[in-house]
Amino acid sequence: MLRFITAGESHGPELTVILEGMPAGLPLQSEDIGTDLARRQKSAGSGARMTIEKDRARITAGAMGGLTTGAPICLVIENRDFQSWREKQIPPMTVPRPGHVDLNAAIKYGYPDLRIGLERASARETAARVAAGAVCKKLLEAFDIFVGSYVISIGKIVLQVQNSEHEQLFRSAESNVVRCPDAETAELMIQEIEKAASEGDTLGGIFQCFALRVPPGLGSHVHWERRLSARLLFAVGSVPAVKGVEIGNAFENAGSLGTDVHDEIIVDSSGKQLARKTNRSGGIEGGITTGEPILVRGAMKPISTTLKGLNSVDLASGKPARTVYERSDVCAVPRAAVVGEAMMAFVLAEALLEKLGGDSIEEMKPRFKDLRSGQLDRLVMNNTHWNFGYE
Ligand SMILES: Cc1cc2nc3c(=O)[nH]c(=O)nc-3n(C[C@H](O)[C@H](O)[C@H](O)COP(=O)(O)O)c2cc1C
Ligand SMILES: C=C(O[C@@H]1CC(C(=O)O)=C[C@@H](OP(=O)(O)O)[C@H]1O)C(=O)O
């Protein structure tokens, strides 16, 4: 079993993540994690906090001499902003912001100050997830599996050019600050963010995560919690502010005819390998990977903290009050996309380990080679009748 747990508050000294279950022998350096940490910070629409933090993961356990040992991996990320909070007398926060955990956490935990809830609910925690996800990506890369993402929409600006060249779309998207593959649409998205910011408002949007060269056979149909589709929906849906997740073209498919949706099975030009004409299923059928790219989209609500303010109630006086603004992102869809990648990488790394077993990369490699693929001659079928009996 692969698992991770994070700890840390947004303005506390540091974030910690422990990733347990990684096999031994995986090359791992802090720089491997730094790239994704930096990607998660870079985006149009980011607030002032992102100019303060320079995220870097310190590896304090589980890797020695640049290789994982099989022991729990501990990663620590400093919160530089802690320095400006540690000596401060902070006035109590008593007006809950709609869209945040503020009110619910206070009701549930009996907090005397709304800050206590927001400190842990803040998406600062996602830096720790991205660090763990980067390690999972290293494992997947050792088996040539690639996980990436790009932005499909911000507010009402939607990417029109969508095709199956996900890796290429990803590369183009990385060249701009909204992580959109099409330069013209990216420009419109940036303008949309600037407009919302100038009006004291915020935006959400949709990001696409994908995984390429995932072998068929990860996940299972035999039990609800082993279905890879369900596990991916849960993982990507756990990203703060993500309120909808779909696999493949799920919502569009729901309004179409079956014969227009399901990915027909063909024998490819080699005559030996089974393939699909399309990938509307997003690479999973019956909770098991098909070998086609895995596609998961996350829909993020607009950022809850708005400069304009929203109506609420001051819990100290019981009177109506406007929310108080300190600072915030205006749009975080490009940043959330990187968190989505991390969550997807975690689920796939876990599923790969379940499939292959083994305590070291060396043990996993030959088993990976031997994975059942869609090769016709490896499918064991015969025409003898089968007795459907239980006694
Ligand atoms: C990368 C990232 C950055 C975020 N930045 C902000 C922010 O600056 N301000 C804000 O109000 N919400 C931000 N959010 C969203 C809140 O964390 C989230 O809406 C809040 O915790 C409530 O959780 P829920 O929306 O899942 O109910 C961000 C989310 C992500 C994933
Ligand atoms: C710190 C991060 O994101 C934060 C997520 C966040 C929220 O409410 O979720 C609010 C902002 O923090 P602050 O209140 O300190 O300005 C964001 O900057 C981060 O992503 O590393």
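Every residue gets a Cβ built from N, Cα and C, even glycine.
TrEMBL names Arg120, Ala121, Ser122, Gly286, Lys301, Pro302, Ile303, Ser304, Thr305 as FMN ligands; from the candidate set Arg80, Arg86, Arg322, Arg327, the record adds Arg327 to that same site.
Cβ neighbour counts within 10 Å, taken over all protein chains shown, single out Thr305 as the most crowded of the binding-site residues Ser122, Thr305. DSSP assigns Arg40 (NADP(+) binding site) to a helix in the three-state reduction. Across the residues annotated as binding FMN (Arg120, Ala121, Ser122, Gly286, Lys301, Pro302, Ile303, Ser304, Thr305, Arg327), the widest Cα-Cα separation comes to 45 Å. Taking a Cβ cut-off of under 6 Å from any atom of ligand 1, the binding-site residues Arg120, Ile303, Thr305 reduce to Ile303, Thr305. Rounded to a whole value, the Cα-Cα separation of Arg120 (FMN binding site) and Arg40 (NADP(+) binding site) is 18 Å.
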